[in-house]
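The next block holds one structure in the form of structure tokens; read it before the comments.
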């Protein structure tokens, strides 16, 4: 009996032991399950966030399709406009270059308007202005009406192209900001390619009709912009400037993969906005800058200038004329060759998008500007040695495609990325507008003088000059331009406050924390010495 009781007790103890072990295993299993569920939830949020920011960047970049399409389509349409309206070579240059110059008005107004009414509504207004200008160009009975429509389209383009990179930079997470801020340049290239394809597709129609259809097709992208502004959110940094902090937090929660990161970004934006709340007017500060702002302006305006004065618009706008000089006379073949140029320009920008946030801005800028220098000098040499020769035609097509490819892999997209990154919040929109003005002035000068200059000194010498300027851009990038990869917009502002050489010492987040800690330690040590004394 006792044995039975003892055995029962032992059995009971054994059962309790197993129950405790089962309970522990169950608790561990619950913990593991919670971890798995958390990771799944976080993974789903990350995917959703990336898709959301991607959609915002795409919609915001639609205005850039308008600029690209105009550049591409006008290179072919101008051939038929000359036949239909009997315009002179000077009128041809003026018509092409006027869009770049008049877009200055749009970009200057865009900075102020986007600060007043918001980034996304400014993009909608830009699309409306462009639509009106494109409609006038399509129906123009003479050169004067065509010019009026082009001027209106230029204002709309300048307005929209200025706002889009600023908006994307302000809405993108730090880790992928370079990729998303490159989207406007992707869409410019896509627009150029569509313009070239449109030229080739409608070239078989009569010269009175084909160029009008080519220009009318450019209205279509702006229709999608009207839809986009009701889908994308407002910039969180602009919302903070308007004291709409709760709305800014909601946008950051939707555009950052981790809630803590969204709160950290909001704190940085609030601190930056607070430090920028001074009585000094924005334009007064830009025109009479502090040493820090002056360094930012040198980088921003310098990179915008070099992007254009190396002659990219001459290559894109006047590629049919360049090929004619080389010896290609057939119009259909000319326009088909320009499609190859457009494909090269669009395809190679994808390389920049894939690696810009991995290897950084400066390595791509070096590869781009050095490659452009060789292609431009090669063009000059080929047009000098092989003019009106089949070998020369093949080499010119190859070198023009190479030139636009190297442009797209570096200075093309990175120019907008850098200019939208480097300025503090209080100056960002209007400082970017100032850089864009310089970009459009250089573009207009090149577009409005290329034919005249190339007739005066020959096209080969003109490209040698572009090559020399491109070589100078390599030196500028080495000496002046900092690396901004992996830094938040607020950290980049701190980078420019450093007085050390950018090549030797660039501020990473850990560097910033070390500086603050060293400063606190030195201050504490000084106080200790004082107290002991």
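Think of each number as a place in line: the chain as shown, counted from 1.
Each residue, glycine too, has its Cβ placed from N, Cα and C.
TrEMBL annotations: computationally assigned, not manually curated.
Since the structure is predicted, the reported quantities are computational estimates derived from the model, not experimental observations.
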Among ranges 15-36, 147-168, whichever one TrEMBL labels transmembrane segment:
147-168
What else in the chain is close to the transmembrane segment (123-141), if you only count residues 6 or more beyond its ends and a Cβ gap under 8 Å?
60, 62-63, 66, 106, 110, 113, 148-157, 159-160, 163-164, 167, 212, 215-216, 218-219, 222, 225-226, 228-229
Please give the sequence-distant neighbours of the transmembrane segment (213-232): residues at least 6 beyond its ends with Cβ less than 8 Å from one of its Cβ atoms.
55-56, 59-60, 62-63, 65-66, 69-70, 73, 76-77, 120-121, 123-124, 126-128, 130-131, 134-135, 137-138, 160, 191, 194-195, 198-199, 202, 205
Report the listed stretch (52-82, 180-201, 457-478) having the maximum count of Cβ pairs within less than 8 Å of the transmembrane segment (363-386).
457-478
With an 8 Å cut-off on Cβ pairs and a sequence gap of 6 or more, do the transmembrane segment (180-201) and the transmembrane segment (52-82) reach 3 or more such pairs?
yes
Does the transmembrane segment (52-82) come close to the transmembrane segment (334-356), meaning at least 3 CB pairs under 8 Å for residues 6 or more apart?
yes
